[in-house]
Structure formats: structure tokens, C-alpha cells
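Read through the structure below, which is laid out as C-alpha cells, and then see the notes.
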Amino acid sequence: MSGNQALQENVGFLGALVFAVSLVLGSGVLVLPGVIYHSIGELAIFTWLADALLMVPLVIIFASFGSKYPGSGGVAGFIEQAFPYLSGGSAYLLLGQCSICFAIVAITGILYSFALLLPNFHASHMLVAGISLALMFIVFFISFLGNHRVIWLQKLIIIPLLLFLLVLIFLSINHPDAATSSVTYWPKHFDTGLITQGMILAFFAFGGWESFASMTGEIKKPARTVPFVIFVGFLLTVGLYVGLSIAIQKIFFEKNMMTGSSFLLDLVQVNHLGQFSVAICFFIVFVVVISNLNGVIWSGSRTLVTLGQKGWAPAFAASHGVLSTG
């Protein structure tokens, strides 16, 4: 099968949206809202909004280029339109990024799971590395099931996750013990140093669009669908991050009120889920990590196809870089 035959426009709006959300949310949704609030306090909500505003030009660029130049090359394909001599290097840079992210997401998920399930257990580096490697192999195997099955799996796990997070945000904001007058949604005092610190942390929460760009060649009617997916996905992820930040600030209006190893665990416990709190949070971690790894391996395999098609890698990559398209 040639590289051109391997990639077909067979991904609809919902399938593309769940992949975009899984790539952008990633493991950041597990830690960043809590870390940022714990670091900078009431400036957290403003920080999320400021970073979202900073991302708007990039989102517009991805939406515009993704609709005009769809393809497995993604960002490398965009660069090729203006600087052909830089596209090969940029493709390898993106492939390297996917490889690093693949390992980071797996390790983050394993460490998070240990913190939830065995808070007093200090796992060795070898144990964490071994379990992370096993998890990566499992997701690598899942990718061989074919596009349709992988997309179905993404829908199956991402849609319930989003619904759960929205319900958790709603319950937390409307919790009878939530602060009212003590919460300021617009900070009274601006500290440039703290805002910069928070924005640097929050910026990593909005990464992933460069990986999603590699999927544009498989989206049905990309000229219309790609911008719609990117704008809806952007609004959805910004809404979730800001919503979680508001929920944290209303429940834990003093930073030292956050007692658990996970802000999600604290929020779940506050909403009276008691003995099921750890199990629910572990399930969230599992869902987030698996969906993010699926997205990363999809993006990486498409970049590999591009390298093979352009002659920047052995021709074998063009026909076998996509693990399965059935």
C-alpha cells in the first residue's frame, strides 16, 4: 500500500474533535489547574484567560493553514509552503516531540496513579520506567486495530470524561460550602512576576494543536471541518480549564485548604463521593493518559508517513508509517 493510499479522508467532525481535545487536554488537565492556583492564588483565573487570549492568533493560523493545506505533514506541511528547505528538519523536530511526549505522558500517568493508589509507596525509577514502557506498548498495540476502532475508542472515553468534568465543575461551583464573597474573579492586585509564572505554566496546557495538524489530511471536507473543529475544541478546552480554576478557587478559597495529592481528588471528595473518590480519580487518569497516548502515536505515525513520501526517510516509512487504516 502506498502512502497516498494509506491516508484517506474518512474522519468526521466528532472523531476529529475528540482527537483534538485529547491532544490539547493531555496530562496537563490532571495537574496544572491545581498547581497554578497553589502557586499564584487568585491570579489563576486571570492567568488562564490571558494565556487563552495569547493563543488566539496561533489557533487562527492552525485553522487557516489546516483548511488550505491539509495533509499528514501538519506543521511541516505548512512550513513547506513558504520555506521548502526547512520542512524536512521541522518534520523530524515534530517526530522527536511526539517521541518525547509519548514517554512523558506515560510516566506522568504512572506517577499520578501511584500517588493516588499508594500514597506512601516510593516507587523506584526502574519500576516506573518498566510500567510506563508496558503502557506504551499497550497503546502501540491498540493503534494496530485500525482508524475506525481507535476513533471509536477515543469517542468512548473522551465524551464521558468531558461530561464528568463538566458535572464536577457545576457541582463544585454550586456546592453549599463554596465561597461566595471571598472569591474574586478579577484580581484586586496584579503581580507581574506571579502572572508571568502562571502564564508559563498554563501555556503548556494549550499545546497539542501542532500534533492535531498532522491529522488534517484524513478529515472529511477539511476546508470546512478543520476550522470548525479547531475553534470548537479551543473553546471547549479553555472553558474546561477556566471552569476547573473557578471550581478550585470557590472550594479551596485558601490555598492551604488543598490537602490531597490531586486537586481532582480533593474536588471529588468535597462532592461527597467518599470511598469511591480514589477509584474515580484513577479512572480519570487512565482515560486521560490512554486517549492522549492514542493521539500522540497517531500524530507521530502521520509525520513518519510524510518523511517517507518526501524522501526524507526510507520509502518504507511512506507505506508503513501509518500503523493501520482499516
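Each Cβ is built from the backbone N, Cα and C atoms, and glycine gets one as well.
Over in TrEMBL, the protein carries these features:
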TRANSMEM  12-37  transmembrane segment
TRANSMEM  43-65  transmembrane segment
TRANSMEM  91-117  transmembrane segment
TRANSMEM  123-144  transmembrane segment
TRANSMEM  156-174  transmembrane segment
TRANSMEM  194-213  transmembrane segment
TRANSMEM  225-253  transmembrane segment
TRANSMEM  273-293  transmembrane segment
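Below 8 A, the CB atoms of the transmembrane segment (43-65) and the transmembrane segment (12-37) form 3+ pairs separated by six or more positions in the chain. Using a cut-off of 8 Å between Cβ atoms, the transmembrane segment (123-144) and the transmembrane segment (156-174) share fewer than three residue pairs, counting only pairs 6 or more apart in sequence. Of the Cβ pairs linking the transmembrane segment (225-253) with the transmembrane segment (273-293) and spaced 6 or more residues apart, fewer than 3 are under 8 Å, so the two regions do not touch. Listed by sequence, the residues of this chain that lie at least six past the ends of the transmembrane segment (156-174) yet keep a Cβ under 8 A from its Cβ atoms are 18, 21-22, 29, 236, 240, 243-244, 246-248, 250-251, 264, 267-268, 270-271, 284, 287-288, 290-291. With respect to Cβ pairs under 8 Å, the transmembrane segment (194-213) is most closely packed against 12-37, considering the stretches 12-37, 91-117, 273-293. Listed as Cβ neighbours of the transmembrane segment (273-293) (distance under 8 Å, sequence separation of 6 or more from its ends, same chain) are residues 18, 22-23, 25-27, 29-30, 102, 105-106, 108-109, 112-113, 116-117, 135-136, 139, 142, 154, 157-158, 160-161, 164, 262, 264-265.
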